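Chemist: Structure provided below as structure tokens; questions to follow.
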Amino acid sequence: MSCNYADGLSSYENKGKLGLEEKFDTTEEVSRKVSQLAKWFSVSNHIVVHTGAGISTSAGIPDFRGPNGVWTLEKKGLKPDSNISFDDAIPTKTHMALLKLIEVGKVKYIVSQNIDGLHLRSGVPRTKMAELHGNMFTEKCSKCNRQFVRQTATTSVGQKCLDKWCPSLRQNGRPCRGRVHDTILDWEDNLPEKDLGMADFHSCIADLSICLGTTLQIVPSGKLPLYTKKQGGRVVICNLQPTKFDRKADLVIHTYVDEMMTELMQLLDLSLPEYDADKDPTKQKHDPVIEWTIDQKQVSTMRKLYEAKCCKSTKKRSRDTKSPKGEPIKREKNSQSDIRCDVIPKVEAKSTLYDSHLVEYSSNADSPLVQHNVFNDGNDTLNVSVKQESNSGITIPQLCVNV
């Protein structure tokens, strides 16, 4: 089914580094590292977990950039042997461990790049999770912007209309009458504003960010853990392949994520729950419909916590705008406004190839957000696309500057 999802995306050449060699730590190394992670759990107050496709491979869903990933094999003209449907897949040990850690208050928030819906189906509540790239088991109304849980995985990709009426009611009790769309992002779609805002806030506030099953190649998703680091927190990475930020991490564990999480739960003296279909929101009769919308009050609360802790150091963080050279990254744009403090980062154009990269010119609540997307087109040309969003709807066209 992940193959069908990948096939539904628009054509895009720059899919990142594919098929990198996997590395395995020895059993002794894994035990030592997991023991250290358990100690950090006991002294951390705000733990955030960032999850990628690698946590779902044991459920039968192929990843994308691994040795047998969808895009790795696609480059060779092949398809994965294992390709279970999203409807038939069930949450893994990692998904269930994260649910338990959420329930006992050890983990405060999950930031997921996955579209398979397994976090939702494990029982993680919406208040504890941001889904940056969408969810196969949710749909969104284009009129009221509310999201709802589906009983089956959507078959469309790219936020297309599903030819269904919105099930919600307006304040006067009348039907919304909007049309619902899938929530799955295409390559250059804007990330969902509230999800990205919550992910940003929690990443900055966190004193420990844990990255599971992701190579961190996608921006801005992959850079969120670095916000924790820049605010004085720790970053831990568990992935078989090397990631972009291994050298910046405080701890890197090369092992299967299910095995690591199982050992961690034992050290924390926590039971590992099993998946229960009776508690799976997608298996329930939706009467009334289950809503999956992030509450604006929750966003406002996190914004205040973020501003109280992080605004004094935002200037330093905002100016870190360079991406590593020579590493192709998928470009994703951010449409959210008023997320960061009133700081303008400095951007310097140099005669070198730039990766796909997002630079934000943030503003106060009364000013528009200006976005600069800097990326390499393969012809030694620095393309700077400038997009300004405001109440007047003014858009500045793309600029192309040769360097």
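Heads up, the Cβ atoms here are built off N, Cα and C, so glycines get one too.
Please treat TrEMBL annotations as automatic predictions, because they have not gone through curation.
Checked TrEMBL, it gives:
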{"type": "ACT_SITE", "residues": "H133", "note": "active site, proton acceptor"}
{"type": "BINDING", "residues": "C141, C144, C161, C176", "note": "Zn(2+) binding site"}
{"type": "COMPBIAS", "residues": "320-337", "note": "compositional bias 'Basic and acidic residues'"}
{"type": "DOMAIN", "residues": "27-271", "note": "domain 'Deacetylase sirtuin-type'"}
{"type": "REGION", "residues": "312-337", "note": "region 'Disordered'"}
Chemist: Round to a whole number and give the Cα-to-Cα distance in Å for the pair C141 (Zn(2+) binding site) and the residue listed as 'active site, proton acceptor'.
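Modeler: Taking the Cα atoms only, C141 (Zn(2+) binding site) lies 17 Å from the residue listed as 'active site, proton acceptor'.
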Chemist: Look at the binding-site residues C141, C144, C161, C176 and tell me which residue has the greatest number of other C-beta atoms within 10 angstroms of its C-beta.
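Modeler: It comes out as C141.
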Chemist: Measuring Cα to Cα, tell me the gap between C176 (Zn(2+) binding site) and H133 (active site, proton acceptor) in whole angstrom.
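Modeler: It is 25 Å, counting Cα to Cα.
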Chemist: Please state whether DSSP places C176 (Zn(2+) binding site) in a helix, a strand or coil.
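Modeler: For C176 (Zn(2+) binding site) - judged by DSSP and reduced to three states - the answer is coil.
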Chemist: In the predicted model, what is the mean pLDDT computed over the domain 'Deacetylase sirtuin-type' (27-271)?
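Modeler: Taking every residue in the domain 'Deacetylase sirtuin-type' (27-271) and averaging pLDDT yields 96.
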Chemist: From the Cα of C144 (Zn(2+) binding site) across to the Cα of H133 (active site, proton acceptor), what is the distance in angstrom?
Modeler: 20
Chemist: Give me the count of other Cβ atoms within 10 A of the Cβ belonging to H133 (active site, proton acceptor).
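Modeler: Here the count is 19.
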Chemist: What does DSSP assign the residue listed as 'active site, proton acceptor', in three states?
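Modeler: Going by the DSSP assignment, the residue listed as 'active site, proton acceptor' belongs to neither helix nor strand, so it counts as coil.
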Chemist: What kind of secondary structure is C144 (Zn(2+) binding site) part of, going by DSSP in three states?
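Modeler: In three-state terms, C144 (Zn(2+) binding site) counts as coil.
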Chemist: Excluding C141, C144, C161, C176, which residues of the same chain place their Cβ within 8 Å of the centroid of the Cβ atoms of the recorded Zn(2+) site?
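Modeler: Counting only non-site residues, the set is K140, S142, K143, N145, R146, W165, C166, S168, R177, G178, R179, V180.
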